[in-house]
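Pulled from Swiss-Prot, these are the listed features:
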COMPBIAS  142-151  compositional bias 'Basic residues'
COMPBIAS  152-171  compositional bias 'Basic and acidic residues'
COMPBIAS  176-192  compositional bias 'Low complexity'
COMPBIAS  200-214  compositional bias 'Low complexity'
COMPBIAS  215-228  compositional bias 'Basic residues'
COMPBIAS  526-555  compositional bias 'Low complexity'
COMPBIAS  600-611  compositional bias 'Polar residues'
DOMAIN    1-85  domain 'DIX'
DOMAIN    251-323  domain 'PDZ'
DOMAIN    400-474  domain 'DEP'
MOD_RES   Ser194  phosphoserine
REGION    89-237  region 'Disordered'
REGION    518-642  region 'Disordered'
Amino acid sequence: MAETKIIYHMDEEETPYLVKLPVAPERVTLADFKNVLSNRPVHAYKFFFKSMDQDFGVVKEEIFDDNAKLPCFNGRVVSWLVLAEGAHSDAGSQGTDSHTDLPPPLERTGGIGDSRPPSFHPNVASSRDGMDNETGTESMVSHRRERARRRNREEAARTNGHPRGDRRRDVGLPPDSASTALSSELESSSFVDSDEDGSTSRLSSSTEQSTSSRLIRKHKRRRRKQRLRQADRASSFSSITDSTMSLNIVTVTLNMERHHFLGISIVGQSNDRGDGGIYIGSIMKGGAVAADGRIEPGDMLLQVNDVNFENMSNDDAVRVLREIVSQTGPISLTVAKCWDPTPRSYFTVPRADPVRPIDPAAWLSHTAALTGALPRYELEEAPLTVKSDMSAVVRVMQLPDSGLEIRDRMWLKITIANAVIGADVVDWLYTHVEGFKERREARKYASSLLKHGFLRHTVNKITFSEQCYYVFGDLCSNLATLNLNSGSSGASDQDTLAPLPHPAAPWPLGQGYPYQYPGPPPCFPPAYQDPGFSYGSGSTGSQQSEGSKSSGSTRSSRRAPGREKERRAAGAGGSGSESDHTAPSGVGSSWRERPAGQLSRGSSPRSQASATAPGLPPPHPTTKAYTVVGGPPGGPPVRELAAVPPELTGSRQSFQKAMGNPCEFFVDIM
């Protein structure tokens with residue numbers, strides 16, 4: 001004979017009840033179910049049954065027609081009996097019973113009409129805990145009594161909108177009364193204060209059964225008080241987040257025939273506050289999700305194909321995803337969109353940014369460097385092509401609204417500031433620079449950017465890879481900050497040139513140049529003294545000229561051989577034995593050979609004075625012994641290089657090269 005199993009839940013009781021009806025599952029009705037529950041006040045309950053809806057899936061359906069057939073799942077019926085609002089029984093039996101004759105009522109944690117299954121309330125215990133000395137008849141009687149008391153209490157709480165103290169005064173009972181009314185008032189409150197806990201503990205009874213029940217009820221209320229406060233705090237949080245993060249549910253169907261993998265990583269976010277769910281952690285390039293573009297990191301994964309991901313652990317979600325991807329056919333992902341995880345246009349909270357001290361000098365230099373940048377309209381007017389200057393392409397690439405994602409990235413637990421991915425650079429070049437017929441040409445262009453120093457790898461790799469992180473090179477980022485005084489203060493990095501001589505002194509430039517120099521500027525005072533002149537022995541001039549040559553050898557390798565010759569010439573300046581001097585070609589100047597006698601004859605007065613009185617300035621009449629060859633028109637007389645004292649030859653040669661070849665002299669900073 002066919003029979004039907006009906007599993008029903010009574011309010012928030014943890015353990016469900018099971019009854020069997022001698023009726024086929026497809027023929028069982030609500031009237032058959034109520035006949036089995038004849039010992040319960042079925043007229044005071046609403047009947048909800050587990051049912052399947054085409055739009056929402058599994059739901060709880062209320063059935064009130066006695067002739068309606070009950071929905072059946074796997075040969076059984078699942079039902080919930082919820083106390084109806086306004087239902088109450090005879091109130092006279094409540095006032096006549098003493099408090100010690102009744103067991104404690106059930107502890108209610110949900111509101112009226114709460115149709116959640118009992119699994120949502122794991123801390124609720126049965127009302128008959130610790131009452132093993134009752135008989136079956138006493139249990140049934142006390143069960144009916146507590147039902148009546150609870151219905152009366154809830155009716156009074158709903159119809160009376162006054163606080164607990166007002167209701168107590170309306171009843172006319174003192175605060176320490178041990179009557180049923182006071183007990184119901186305490187149990188119906190959401191938060192039990194310490195004084196009410198004390199009054200509850202002072203309610204004594206002659207039976208051990210009632211005392212143990214009171215202790216259990218008091219313990220439950222304390223736990224319930226803490227849990228409700230946590231729920232209140234969480235509800236205040238949700239009221240804030242719901243107003244700012246409204247969800248938008250999107251269903252995305254992916255064609256897995258064009259892509260080899262799904263390309264997502266999922267993260268489980270379960271915690272004590274119940275904020276559970278499976279979230280999209282990251283999206284990998286080349287996958288089906290990245291190609292679609294509608295799913296972003298931070299979205300909540302609700303359903304994949306027909307599998308619901310709610311209340312699913314992270315391991316189960318990974319297993320289900322792998323099984324679905326291994327199958328053929330399209331995949332449908334249902335996600336709840338969240339707000340932008342990386343907002344750019346509205347408020348942001350820089351939680352991950354470190355706090356750095358402010359350097360005023362660096363801030364000023366950075367501001368000054370920005371003032372020398374190219375105007376925006378010049379960059380926007382001229383479109384970028386493959387023939388454009390690489391520096392201009394890189395400058396446009398670094399603009400905030402260029403479309404290239406430049407941000408801090410993590411690599412091997414190292415933060416790389418303002419880094420880009422090689423694949424993004426290639427895509428940006430292929431999209432924004434004209435002249436590339438295919439993408440691999442843009443990749444070659446990106447490789448040339450790395451080769452010329454516009455891009456720089458973290459570990460200085462010279463080969464370009466689309467999977468690596470790159471930063472912009474110092475050549476394009478620090479070019480605006482360069483100036484002529486940016487060298488170090490060491491003597492080996494600077495040219496030590498003697499200042500211009502006194503206007504009354506002979507002009508040091510010879511007639512070897514095809515053009516004439518103007519006279520010295522009138523800014524020098526009449527009493528100007530040349531501190532670069534060496535009045536000591538010949539070795540002093542050699543040291544000074546030697547210092548002036550060292551910077552040239554370090555700054556430009558092309559002038560190293562000429563400077564080495566100058567150093568040798570300066571070292572032998574005291575003897576006057578060297579007469580062959582060379583200069584760089586291409587500037588129109590010539591150096592003429594002079595006999596050794598001319599050098600020794602021109603330098604003999606200064607050499608004798610230096611030998612007789614080292615470290616003392618010679619008398620001025622000695623300057624008249626120089627041979628005057630000629631000078632620029634309107635300027636002082638000019639003497640030949642051979643007439644210059646040997647200890648000053650090296651410094652004067654360096655000065656002549658600087659004045660005669662200015663382009664070569666400043667070629668180091670280009």
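Numbering starts at 1 and runs along the chain as it is shown here.
Cβ from N, Cα, C; glycine included.
Since this is a predicted model, take the numbers as computed values, not measurements.
Are these features on the surface or tucked inside, and what are their neighbours?
Confidence in the domain 'DIX' (1-85), given as mean pLDDT, stands at 85.
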For the domain 'DIX' (1-85), give the DSSP counts of helix residues, strand residues and coil residues.
10 helix, 38 strand, 37 coil
DSSP says what for the domain 'PDZ' (251-323): how many helix, strand, coil residues?
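So the domain 'PDZ' (251-323) is made up of 15 helix, 22 strand, 36 coil.
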Using DSSP, what's the helix, strand and coil tally for the domain 'DEP' (400-474)?
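Residue counts for the domain 'DEP' (400-474) by secondary structure: 25 helix, 21 strand, 29 coil.
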